[in-house]
Amino acid sequence: MIQQAIAKLLEGEDLTRAEAALVMTEIADGGATPAQSGAFLAALRMKGETVDEIAGAADVMRQRADRVRVDRDVFIDTCGTGGDGRHTFNISTTAAFVAAGAGVCVAKHGNRAVSSRSGSADVLAALGVNVDADKETVERCIEEVGIGFLFAVRLHPAFKAIAGVRRELGVRTIFNLLGPLANPAGARHQVLGVYEARWVPVLGGVLAALGAAHAFVVHGEGLDEIAVTGMTHVCEVRDGQVERYTIRPEDLGLPRRDAAELVGGDAVANARIVTDVLEGQAGGPRDAVLANAAAALVCAGAAKDLRDGVARAARSIDSGAAREKLRQLVAATTVPA
């Protein structure tokens with residue numbers, strides 16, 4: 001199938017959702033050579049990935065994931081694409097603890113850094129979380145603590161082989177979009193930041209096709225986050241309905257911040273910023289976390305709108321609840337000596 005798909009893409013033709021799924025299955029099963037996989041990814045990138053193509057690929061990634069069981073009707077993910085090149089601290093990871101502190105169950109999907117200096121796995125490890133915890137421990141964390149980290153590299157074994165091809169290509173491919181769409185626990189409520197504004201409506205359409213219950217796809221001022229530095233493009237998906245709009249920090253009751261306030265460093269430096277935010281330190285990093293945690297609370301049904309979400313997120317931090325969730329996750333994943 002992959003040879004036919006490559007030929008079709010080179011003619012500028014789109015693949016159906018089923019065709020994209022067949023090719024991804026072939027790649028996952030080891031039926032495609034590295035040259036074929038690379039040609040497919042490059043041809044698809046050159047043509048431009050469609051909603052159906054991304055949805056078909058995501059179908060297979062979800063099916064092949066090592067499934068994490070979550071015994072909750074509503075739980076969220078705050079995994080974004082990364083790759084925005086702005087080197088901010090780990091905003092969505094911090095927002096996950098704030099959401100958990102506000103009573104929302106979180107199955108946080110993530111990975112180590114690819115283009116940044118600190119991915120979610122890197123900063124969590126620097127904070128003392130054992131990101132390599134086995135699946136049973138992760139499930140227990142989600143159930144007992146209310147938050148767990150789903151390490152992508154451990155839970156998507158079928159796609160380890162493609163990592164080398166992606167590295168050798170050295171350009172963004174469909175895989176840069178697939179991570180947030182393939183939560184191994186099957187989260188249907190999520191905040192998904194994308195690295196370019198053009199992907200906001202596309203991934204909104206993909207999430208609708210994949211059956212998202214309530215999700216936000218966002219890109220703000222060059223960030224794969226809701227921005228407190230200017231305008232954010234939003235695609236809100238709710239039970240198959242898609243709504244597009246823009247928001248500004250003032251709409252959330254937050255001041256406009258300078259982008260320089262949000263710049264992080266390596267995992268250790270970012271862990272310090274995360275800790276400062278969770279300990280209640282005021283400033284740009286806190287406001288960025290409040291904005292993104294607010295969206296997480298809205299999609300989980302724990303806040304009526306984004307302004308209400310900001311207020312609830314602030315209480316999660318100021319009460320110490322968010323910081324306590326981090327402490328509990330560290331304790332729950334620590335291997336006894």
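The first residue you see is number 1, and the count goes up from there.
From the backbone N, Cα and C atoms, a Cβ is placed for every residue, glycine too.
DSSP classifies Gly80 (anthranilate 1 binding site) as coil under the three-state reduction. What Swiss-Prot records for Gly80, Asn111 is anthranilate 1 binding site, and it gives sequence analysis as the kind of evidence.
Residues or ranges marked as 5-phospho-alpha-D-ribose 1-diphosphate binding site by Swiss-Prot: Gly80, 83-84, Thr88, 90-93, 108-116, Ser120. DSSP assigns Ser92 (5-phospho-alpha-D-ribose 1-diphosphate binding site) to a helix in the three-state reduction.
In the three-state DSSP scheme, Glu225 (Mg(2+) 1 binding site) falls into the coil class. For Glu225 (Mg(2+) 1 binding site), the same-chain residues that are 6 or more apart in sequence and have a Cβ closer than 8 Å to its Cβ are Gly80, Thr88, Ile91, Ser92, Gly193, Val218, Ala288, Ala291, Asn292. According to Swiss-Prot, the feature Mg(2+) 1 binding site maps to Ser92, Glu225.
Secondary structure at Arg166 (anthranilate 2 binding site), as computed by DSSP, is helix. The anthranilate 2 binding site annotation in Swiss-Prot covers Arg166.
Taken from Swiss-Prot, the feature Mg(2+) 2 binding site applies to Asp224, Glu225, supported by sequence analysis.
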DSSP three-state assignment (helix, strand or coil) for His109 (5-phospho-alpha-D-ribose 1-diphosphate binding site): strand
Chain-internal residues near Asp224 (Mg(2+) 2 binding site), provided their CB is under 8 angstroms and they sit 6+ positions away: Gly80, Thr81, Gly82, Gly83, Asp84, Ser92, Gly193, Val194, Tyr195, Val218
Proximal but sequence-remote residues of the same chain as Arg112 (5-phospho-alpha-D-ribose 1-diphosphate binding site) (Cβ under 8 Å, at least 6 apart): Gly119, Ala121, Asp122, Val153
Under 8 Å by Cβ from His109 (5-phospho-alpha-D-ribose 1-diphosphate binding site), counting only residues of that chain that are 6 or more apart: Asp77, Cys79, Leu150, Ala152, Gly179, Pro180, Ala182, Asn183, Pro184, Ala185, Ala187
Inter-residue C-alpha distance, Arg166 (anthranilate 2 binding site) and Asn111 (anthranilate 1 binding site) (nearest angstrom): 15
Binding-site residues: Thr88, Ser92, Asn111 - member with fewest neighbouring CB atoms within 10 Å: Asn111
